[in-house]
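As listed in TrEMBL for this protein:
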{"type": "SIGNAL", "residues": "1-22", "note": "signal peptide"}
{"type": "DOMAIN", "residues": "273-379", "note": "domain 'PDXDC1/PDXD2 second'"}
{"type": "DOMAIN", "residues": "385-490", "note": "domain 'PDXDC1-like third'"}
{"type": "COILED", "residues": "496-523", "note": "coiled coil"}
{"type": "REGION", "residues": "562-589", "note": "region 'Disordered'"}
{"type": "REGION", "residues": "605-675", "note": "region 'Disordered'"}
{"type": "COMPBIAS", "residues": "611-620", "note": "compositional bias 'Basic and acidic residues'"}
{"type": "COMPBIAS", "residues": "666-675", "note": "compositional bias 'Basic and acidic residues'"}
Amino acid sequence: TGYWFCWLYLLGFSCRYENGSAYYHEDDREGLLKICRLVIHTRYEDYTVEGFNVLYTKQPVIYISSAARTGLGQALCNQLGLPLSCMCRVPCNTMFGSQHQMDVALLDRLIKDDVESGKLPLLLVANAGTPGAGHTDKLGRLKELCEQYNMWLHVEGVNLATLALGYVSSSVLAATKCDSMTLTLGSWLGLPAVPAVTLYRHEDPSLSLAAGLTSSQPVEKLRALPLWLSLQYLGHDGIVERIKHASQLSQRLLENLKNLDFIKTSVEDELSSPVVVFKFFQEYSNRDQTSHAAQASTTQHPIISNERHIYDTFNQWLGEQLAQLVPASGVDVVELEDEGTCVRFSPLMTSAVLGTEIQDVDQLVDCLKMKIPVLTSTLQLREEFEQEVRRTVGLLYIEDLSWPGLGVVRYNYHSDGKNDDKQEKELEKINAELLKKLNELESDLTFSLGPEFGGQKNCVYIGMVTEDLDVSELVETIAATGREIEENSRLLENMTEVVRKGIQEAQLQLQKANEERLLEEGVLRQIPVVGSVLNWFSPFQASPKGRTFNLTAGSLESTESTYVSKAQGTGTTPPPTPTSSLAKQRLPGQKPFKKFLRSSDAFSETSSVSHCDDLEKMEQRPPTLSPGPEQGPLGTEKTEEQKEVAQATKADTEDIQSNKSPHNCTKVEEQESQR
């Protein structure tokens, strides 16, 4: 570690973190593990001789934030051989300050309680950029608290990368006063296969050697070679430029998110935060806010929990869509304790590898603008869809809060006393056919069987929708299509039963006809040789008798008429196949389940213009001879009905002449649309 100051100079840390040593490691948790062993050797003087017996008399305690990396405390206890009771999770703020920062007042009380119970406060792990939201703990106050109780302060987080910049926020700058910190340079600068660095301050080299922070092996010294070569290649300007570019990307996205409705951001410092966390959230009106505030006072109210679950589902879908549409942005979905599911943009961890540029951020904002109306429309129409389904006979609404869409519906099959297995098969068959029919309608909606794992069986899942969706038409179409499929299925079942019974009846009648034929022909004609001779001398004329099955009538009929007329009768006309009664008239090009908007429809404008042209042509048409007012077309006297039609036509002509100016075209259009 003799020339590690050269590398820190390239990073700009030489003037930030003074009088320190460096330890290079592959696993980013290994540095903290070595620091814990160093602190144990320092605080327990007889640990080298007596080992864990010293820890038994005075149990050590390591404090970590509840917003720390998942599994960090358990990993430390496993590697150090300590019980989980030695790990104390400190909650974050609940009343004042950021909800992702460690609660300093509560930490002070926890330390006092441990000291009074005979435990030894050993080490505190703080965050300069939490893994989820990128918030920084109050490092200045935490350092004072650690000095008060003689504790070691270790800091880690993505915000430590900003120490290389010229301007550093005061909250991050306080990390330079800590006892140790871990820097993951590979992810910040986009350098693969480079080790992480843990900087620490300690005066006793023997304890550092006992803890494994220093080594005399040449292999351990060569571990820093890839990092040294990479930093030499980038240079100081290259390192600062990459970190500065990532910060500019975050600021660009944050500025655009401020101008978007229904987007809530969770940023600690709007001027220098390298991590942007946002989510979709629809504000309520004043009346709704009052009712929701009253509901929130009740602990774990089901409406509040369902509402948060729905928002988590929608934000999960939003994050997946943005990551799919703009893969170069590097956005991902993160689960936070208070905010729930959010979308995170952390360019310090992804931009160097993915090559994120300003254009990618602008494209991300454009995609977000397109998805917000879809989310708001789906959220508003979700309740209306539920009410329509519950009012419709034959449909069952399935509540699935984890489905990002309009809702889930199932067509109920009337069992008619069938067993459960057969009813389940029929239900699956009908809903599968219903899904197929709905997808054949060529609408803008997405119908599916739901998620591959964890979804409801025999249901139709409806995806995201737009504001012009006609919910009543959609529900009516689903119900009518389901009834049509059920009626066709029952018709097929009845036909199968009728055919089976008809075959059995035909077999009995044919057997009876054979017996009658034997009686008519006699016994002698049945003997092989005698019967042939007898038939040669006295032929027996018998009309062929058969049976035909009429599928329409469901009955057996004789074939005598067929042999007489030499043609098979067609029988009666079959009944029409039951179809959906929903035959809503649509305009040319209008897709199913879309509302007709008169003000914005192009067809309305085109028809209005053509109607004005027709009026002008009617005015320019030359007069023609017409019969008298009281006579018909052939000079005959008009009836009373014809007189009324003539008077109505005359009134319409007067209206057209009075509105023939261009300024009255709009009035004529409104009259025609009302008609």
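Along the chain as shown, residues are numbered 1 onward.
A Cβ is built for glycine as well, from the same backbone N, Cα and C atoms used for every other residue.
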Looking only at the domain 'PDXDC1-like third' (385-490), what is the mean pLDDT?
86
Over the span of the domain 'PDXDC1/PDXD2 second' (273-379), count residues by DSSP class, listing helix, strand and coil in order.
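Looking at the domain 'PDXDC1/PDXD2 second' (273-379) with DSSP, the answer is 68 helix, 16 strand, 23 coil.
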Under DSSP, the domain 'PDXDC1-like third' (385-490) has how many residues in helix, strand and coil?
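Across the domain 'PDXDC1-like third' (385-490), DSSP assigns the residues as follows: 47 helix, 15 strand, 44 coil.
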